[in-house]
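Now, the feature entries from Swiss-Prot:
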type     : residues    : note
DISULFID : CYS57-CYS78 : disulfide bond
DISULFID : CYS64-CYS84 : disulfide bond
DISULFID : CYS68-CYS86 : disulfide bond
SIGNAL   : 1-24        : signal peptide
Amino acid sequence: MKFLTSLLLLFVVVMVSAVNLSMAKESANQLTERLQELDGAAIQEPAELNRHKRLTCEIDRSLCLLHCRLKGYLRAYCSQQKVCRCVQ
């Protein structure tokens, strides 16, 4: 009788663990999706920084590239509005 009780208890523990693992994987997938959404979201920058970017493009385009390289980006360009844009 003890053997059957132990076996039943072990079965319950394994099933609960499997359910918890499944829920953890689902939560991890949801978190990954949310992080990808946030990664793709546009980030608003302060007006002062935008003003600095415009001045960078109006003075010299190479300063825009230097600015972006220092931030870790590979390429840079100046938009029609003279705003420096950094691109991977």
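Glycine is no exception: its Cβ is also placed from the backbone N, Cα and C atoms.
Within the same chain, the residues at least 6 positions away from CYS57 (disulfide bond) whose Cβ sits under 8 Å from its Cβ are CYS64, CYS78, SER79, LYS82, VAL83, CYS84, listed in sequence order.
Shown in sequence order, HIS67, CYS68, LYS71, TYR73, ARG75, ALA76 are the residues of the chain, 6+ apart in sequence, with a C-beta less than 8 angstroms from the C-beta of CYS86 (disulfide bond).
Within 10 Å of the Cβ of CYS68 (disulfide bond) there are 21 other Cβ atoms, across all protein chains. Within 10 Å of the Cβ of CYS84 (disulfide bond) there are 23 other Cβ atoms, across all protein chains. Per-site Cβ counts within 10 Å over the disulfide-bonded residues CYS64, CYS78 peak at CYS64.
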